[in-house]
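Asks: One structure follows; several queries about it will come next.
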There are 2 protein chains.
Amino acid sequence: MKKRLFTPGPTPVPEQIMLRMAEPIIHHRNPEFMEILERVHENLQYLFRTSEPVVVLSASGTGGMEAAITSCFGKDDKLLSINGGKFGERWSRLGETFTGNVLEITIPWGTAPDSDELARLLKQHPDIKGVCLTHSETSTGTASDIQTLCQTVRSNSDALILVDGITAIGAHEFHFDEWGVDICITGSQKGLMMPPGLALVAISRRAQDAIEKNTAPQFYLSLKKALASHKGNDTPFTPAVSLVIGLDNALSMIREEGIEQIWDRHARLAAACRTGCEALGMRLFSSSPSNAVTSVWLPEGEEWEAFNTALKTDNGITVAAGQDEFKGRIFRISHLGYYDELDMLTVIGGIERALYQTGYEFTVGTGVTAVQKTLLQEEMKGAALQD
Amino acid sequence: MKKRLFTPGPTPVPEQIMLRMAEPIIHHRNPEFMEILERVHENLQYLFRTSEPVVVLSASGTGGMEAAITSCFGKDDKLLSINGGKFGERWSRLGETFTGNVLEITIPWGTAPDSDELARLLKQHPDIKGVCLTHSETSTGTASDIQTLCQTVRSNSDALILVDGITAIGAHEFHFDEWGVDICITGSQKGLMMPPGLALVAISRRAQDAIEKNTAPQFYLSLKKALASHKGNDTPFTPAVSLVIGLDNALSMIREEGIEQIWDRHARLAAACRTGCEALGMRLFSSSPSNAVTSVWLPEGEEWEAFNTALKTDNGITVAAGQDEFKGRIFRISHLGYYDELDMLTVIGGIERALYQTGYEFTVGTGVTAVQKTLLQEEMKGAALQD
């Protein structure tokens, strides 16, 4: 049976990238690799919309988040973290571990942070040194309005703005320089269509200054070391060579498609996925849905285990389960990275089949019809479809 | 032109491993991947000769070294580090960064540590909490007698023994449990015949206890988190999935060949490489040569740039240059990982050609003949070869 992955990382890797990575390994301290790294560095700037350096770390996204915290801040520096899911929580845990001084705002899962509340807290705590945000909260499928949140921080504080862009980069419009972000992190196995193993970190001038002055202990994940090597298109430690080579291919594909086109595609696929789910009688979990991952409530009476077995075993489709208290109650469909319109038909079609196979009552074809209509209507710029 | 890599990491990756890694990506939280990780964990125990856990980190070897230091020790804990090259120096820098209390013994490059001196220092400093050793110092091609050094530590101190086995594991006989090592680290791009991106860390019961009690700040590289996940054949953060899958293949190849046979092969290839170099009139750099990498002085009158260009451009062979003060004076030939006897003939043959092409005077054929004789003599168990 064909296997199809609709999880928010790992996401599918294009065949040409897999084959490129299967080519004989080269040494990382030779001109051939340095040329690759130079192109990767330049294309990462294109991706993040920045003229500032974007460094490549051989680590997962969490390694990138730790690099940001330990490189920019020291013991007792006060951080503000907005926790609306597993990844907002990760910012808080990292902050507690390394600065020991975190002001955490907990917001209900599935909701986006409120900028007025953020402004209030920044005024109340003028000693906040860093604000940790999550652009797309993978555990809940929720997008934050990073542009507005950045404006709010900038109007009320000198704090550095750290954005977890791990499942947002590529899926959501993002302008590192224009929005005044200081640090943004993504991982290779997300919008970049690669296997996991690399973290990419964009670093503003302000953040570079903070990093330069910081004396907190760090080594492998030091952005100071990474920035120093970046100048010479090098890395401080042996990089994951085959992954960097694959990333080079992935970034070329991204430039060819165009970042605005990629944002549009993700918005379109996400809209189609949502309409498909709703047409099947499933409620959306998030009040501010992400373009990377759609979270939906299981329909009344459906059992997660039976549904997931039908989806996976009989239809070859892997989606992500709910986490923590939402385990068994919601599930998450990813459309982040290497997906197109027919993939949305596939995943909703598979879900329809699994619902049918587990005895859920609905009109077969409702979901896939909704997907078709949403996508074709979009293509016809809103002109009515013939029935 | 065919390109051949004789560098101590990256080392060549077997074709079957490259193709395995090019297969469609799978999700890391599913039974298929957990089975792979279970087999990887078991085969890593075979490789390190241990019944204790060996964890997989998505990081370079240096990330593994940092994980060891920050997981086992806290601020002010005194570490003893023996610095006889770039990687011994790395232990010192890591120790200074994270505990701030390092007693460093500097020994001349190309020499191995002396156990009497180690015993003396341990007696003099009973507060030493950890001893950092380098099994094969890649920058100088020097092997340490880890077994004797471990005995020395054990007889004189309760300190934890940390071994950088990055270029030793697979190349040198090593018994984690029997020798009483507490932490040993290797990297994927070395004896494991893989691309870079994974660090593998074996952890003794004593080290596990120290890790359990340690409260120093750490997150991504936390061995405590890695150990907790290891029990369920899981990882605390998204692992570099494609590299773990390749590692599974590499470890199967290692089990098939047999670890004792692999140690023997490395000893044999290293001996052949040394005799080949010496036959060409090049002196060995190290007084205790490693089986992973052979360091030799450039012959009198040879210019490194011209020689290396002839070797690389005209013969397709990449070796490693000397580092620091030995840059341009020595070079290093790797025979670590996926190499066989004919590869030694190739590399010495290529060096012979490059020497000839740059005007060095010698009898053509001397080097390759020496390689042939060494290897065939070995095969005939020392019986004299017919001339």
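Placement of Cβ uses the backbone N, Cα and C atoms for every residue, glycine included.
This is the feature table in TrEMBL:
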type	residues	note
DOMAIN	A:25-323	domain 'Aminotransferase class V'
MOD_RES	A:Lys190	N6-(pyridoxal phosphate)lysine
BINDING	A:Arg332	substrate binding site
Asks: Could you tell me the C-alpha distance between A:Arg332 (substrate binding site) and A:Lys190 (N6-(pyridoxal phosphate)lysine) in angstrom, no decimals?
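Replies: That separation, Cα to Cα, works out to 15 Å.
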Asks: Using DSSP with the three-state reduction, classify A:Lys190 (N6-(pyridoxal phosphate)lysine) as helix, strand or coil.
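Replies: Going by the DSSP assignment, A:Lys190 (N6-(pyridoxal phosphate)lysine) belongs to neither helix nor strand, so it counts as coil.
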Asks: Counting other Cβ atoms within 10 Å, pick out the least crowded of the recorded positions A:Lys190, A:Arg332.
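Replies: It is A:Arg332 that, of the recorded positions A:Lys190, A:Arg332, has the fewest other Cβ atoms within 10 Å.
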